[in-house]
Amino acid sequence: MADPAADPSSPASPGLPRVRAGGRVGQVDATLVPRFAGPATFATLPRIDEVSDVDVAVVGVPFDAGVSYRPGARFGPSHVRESSRLLRPHNPAVDVDPFAGQQVVDAGDLAVNPFDIEEAIAAIEAGARHLLERSERLVTIGGDHTIALPLLRAMHAKHGPVAVVHFDAHLDTWDTYFGAAYTHGTPFRRASEEGLLDRSGCLHVGTRGPLYSRQDLVDDADLGFQIVPSVEIDDLGARGVVERIQARVGERPVYVSVDIDVLDPAFAPGTGTPEAGGMTSRELLAVLRAFGGLNLVGADVVEVSPAYDHAQVTGIAASHVTYELLSALAPRSAT
Ligand SMILES: N=C(N)NCCCC(=O)O
Ligand SMILES: [Zn+2]
Ligand SMILES: [Zn+2]
């Protein structure tokens, strides 16, 4: 099938020159079109309807009805996209061109009900399953952490139980809030109860801050999680954290969930439930750069709340996290 993005006269591609490498349609060429012009897709990549074959779809889920404190993560997808305009085609840290060895596209946003959490969860699962029919891999930009549950349901439908590497200040294995079972503090408890997780392969990285009680940790371990708490990261360093992750997940299919509040509020102020004492963005990016060696099946980056952001600090961190995840998904040989 002819590639509509290859035809500058196509209405789907009104003459924008794009980087083309490895047979893939890449970013709008920022040497020819100012990067502050052009489409507001992630990294100015083509939309899903502009290409015929897709390997990885970046999709937004603008949903924040599950939050327990500051709202606003519904604006996360557009903010992260807007903060991703400066990303360039080559990632020297891992020597990968993430948009050349695989066709990466922006699949837009899933339009889900902002008033009915259970209906939204069902729609997110259906939307993810639908996209997975076209795209082997999904990288989702949230949205609050509630969305990880339907995304894990879709992953499970395709891959069976997955190992979860969960970067977060919070456990998110709590039970209910105000009697509500589906919130941003509960997705991994629900996922574990539903059998979506490989309980022998999950871990949290970067957790910190006060809990409700000591029992939270007992429950969390029973649900299948090991923990690399934030306080251990100074001693372990990025390399030690990676070793802990590799030892836990092995060859299993791995889903990576990055709550941007894993970063210290100094590096990610724009989030709903900030906790002092978190990772630096340099540490998080360094850990993610080892993920090319894992069997990654999908990922999300959640909890960016732009109203609390300043100078796109959080948006830029989230866009670089997404870029490293896309680099980790890229086939190494094609670079
Ligand atoms: N998933 C995030 N970001 N936060 C969960 C916090 C749950 C609580 O209010 O205890
Ligand atoms: Zn969190
Ligand atoms: Zn979370």
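Each Cβ is built from the backbone N, Cα and C atoms, and glycine gets one as well.
Same-site candidate for Mn(2+) binding, as annotated by TrEMBL with Asp168, His170, Asp172, Asp259, Asp261, chosen from His145, His156, His159: His145. The region 'Disordered' annotation in TrEMBL falls on one of the ranges 1-23, 208-230, 231-253, namely 1-23. Remark: Asp261 (Mn(2+) binding site) has Asp168, Ala169, His170, Ala268, Thr271, Gly272, Thr273, Pro274, Glu275, Gly278, Glu303 as non-local neighbours, by Cβ distance under 8 Å and separation of at least 6 in sequence. Other residues of the chain with a Cβ within 8 Å of the Cβ centroid of His145, Asp168, His170, Asp172, Asp259, Asp261, the Mn(2+) site, are His166, Ala169, Leu171, His184, Gly185, Val262, Thr273, Val302, Glu303. Cβ contacts within 10 Å of Asp168 (Mn(2+) binding site), excluding its own Cβ and spanning all protein chains shown: 26.
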